[in-house]
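Dropping the structure in here first, questions after.
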Amino acid sequence: MSPQTETKAGVGFKAGVKEYKLTYYTPEYETKDTDILAAFRVTPQPGVPPEERGAAVAAESSTGTWTTVWTDGLTSLDRYKGRCYHIEPVPGEEEQFIAYVAYPLDLFEEGSVTNMFTSIVGNVFGFKALRALRLEDLRIPVAYVKTFQGPPHGIQVERDKLNKYGRPLLGCTIKPKLGLSAKNYGRAVYECLRGGLDFTKDDENVNSQPFMRWRDRFLFCAEAIYKSQAETGEIKGHYLNATAGTCEEMIKRAVFARELGVPIVMHDYLTGGFTANTTLSHYCRDNGLLLHIHRAMHAVIDRQKNHGMHFRVLAKALRMSGGDHIHSGTVVGKLEGERDITLGFVDLLRDDYIEKDRSRGIYFTQDWVSLPGVLPVASRGIHVWHMPALTEIFGDDSVLQFGGGTLGHPWGNAPGAVANRVALEACVKARNEGRDLASEGGEIIREACKWSP
């Protein structure tokens with residue numbers, strides 16, 4: 001393909017500022033199977049036509065800059081530029097529109113979520129011609145998906161490792177999150193696992209503080225795991241948070257966890273960064289460790305409706321970077337989410353092929369070509385009375401993570417864990433018998449209470 005007309009040698013270089021839409025707005029463009037497609041919610045400054053703003057987003061997130069430069073003539077912009085190929089209004093929002101942008105695959109390094117985000121969202125969000133900008137969704141082409149390892153193991157391999165089938169997995173975040181000594185922390189882990197939980201969890205900000213250094217915590221938690229396994233006959237785990245200040249230190253902690261023989265480690269993937277996360281994910285696959293992912297800091301990025309990035313994009317990025325679990329919201333509890341929207345990105349985490357469905361916030365059909373799935377984790381503000389709804393909404397392939405809903409039991413940690421396990425098994429049994437969890441959930445839990453703490 002030839003460069004732009006303005007930069008052909010026969011015409012000569014012409015300096016100056018020109019409208020973005022002359023080069024980057026191409027409504028006639030037919031997207032390719034290899035293009036990365038993006039849907040941006042754009043709120044422009046007053047008086048700026050949508051075509052110009054959509055083209056500006058495409059330009060500033062690909063090959064463009066604020067003026068014409070002579071080096072444009074040394075490459076083919078038609079081959080490498082991003083293109084705004086469609087614009088549609090946002091219902092009920094007169095000042096907003098959705099700009100669809102296609103990016104050629106050659107703009108991105110293979111297997112690098114870091115590079116993908118640096119290109120697409122790294123600079124354009126500070127563009128002063130826009131009042132606000134939000135990345136709503138991405139379509140990752142099959143050709144790019146195949147350059148990623150994805151989750152270290154995936155849903156089926158995890159179930160096989162744990163020998164647990166036919167129900168959601170149960171977890172608990174140890175509280176108080178900060179201040180416990182390593183020995184007392186390990187005691188709480190043991191009580192919860194002995195009571196019937198599958199996992200316990202470090203909170204996201206438990207790393208290696210003066211009151212509890214990481215090595216001590218790992219040792220006491222491993223002791224709790226082995227002791228509870230011996231008593232219950234079930235495989236247990238604790239999400240040992242390997243997040244650290246450097247990648248080298250993070251891997252050192254993961255290596256120690258592997259040497260202890262525990263099944264799973266944890267990473268804060270947004271604060272730790274995608275490069276660190278992908279590094280840890282590769283280590284976990286090579287060494288048989290499951291990887292639990294916490295999304296600490298996500299609300300800084302995804303909470304605003306008009307600016308930032310929707311969590312479904314972060315969820316897709318995590319599936320590419322690698323993680324076997326990720327916190328996904330609850331739909332119920334203290335951090336309630338929109339049910340259809342939440343289930344939309346839950347499906348993007350678990351399923352192999354997801355059709356476009358705007359009612360669930362899915363802007364593009366996504367084919368993961370057998371990339372392993374990720375278990376969504378429902379957590380924060382949930383308790384046993386939410387169990388029927390959680391079982392119905394999330395299904396078997398999920399982790400139900402209780403903190404205060406376990407440790408807040410008036411009889412202590414172990415009875416709290418027993419109550420969680422009894423409630424879950426009662427709901428699963430009732431569902432399998434054909435009972436309606438939505439209408440009979442309260443009755444099912446009350447029946448289970450007769451034989452449970």
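In case you wondered, yes, glycine gets a Cβ from its N, Cα and C as well.
According to Swiss-Prot, the protein carries these features:
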ACT_SITE  Lys175  active site, proton acceptor
ACT_SITE  His294  active site, proton acceptor
BINDING   Asn123, Thr173, Lys177, Arg295, His327, Ser379  substrate binding site
BINDING   Lys201, Asp203, Glu204  Mg(2+) binding site
MOD_RES   Pro3  N-acetylproline
MOD_RES   Lys14  N6,N6,N6-trimethyllysine
MOD_RES   Lys201  N6-carboxylysine
SITE      Lys334  site 'Transition state stabilizer'
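Please situate the listed features within the shown structure.
Neighbour count (other Cβ atoms within 10 Å of the Cβ, all protein chains): 16 for Lys175 (active site, proton acceptor).
The Cβ neighbour count for His294 (active site, proton acceptor), using a 10 Å radius and every protein chain shown, is 28.
Neighbours of Asn123 (substrate binding site), defined as other CB atoms within 10 A of its CB across all chains, total 11.
A sphere of 10 angstroms centred on the C-beta of Glu204 (Mg(2+) binding site) encloses 21 other C-beta atoms.
Around Lys201 (Mg(2+) binding site), the same-chain residues at least 6 positions away in sequence with a Cβ under 8 Å from its Cβ are Gly171, Cys172, Thr173, Ile174, His238, Tyr239, Met266, His292, Gln401.
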Where the distance is taken from Cα to Cα, which of the recorded positions Lys175, Asp203, His294 turns out closest to Asn123 (substrate binding site)?
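With Cα distances computed to Asn123 (substrate binding site), the winner among Lys175, Asp203, His294 is His294.
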Within the same chain, and leaving aside Lys201, Asp203, Glu204, name every residue whose CB is within 8 angstroms of the centroid of the CB atoms belonging to the recorded Mg(2+) site, in sequence order.
Thr173, Ile174, Lys177, Asp202, Asn205, Val206, Tyr239, Asn241, Met266, His294
Measuring C-alpha to C-alpha, could you say which of the recorded positions Lys175, Lys177, His294, Arg295, His327, Ser379 are within 10 Å of Glu204 (Mg(2+) binding site)?
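Within 10 Å of Glu204 (Mg(2+) binding site): Lys177, His294, Arg295.
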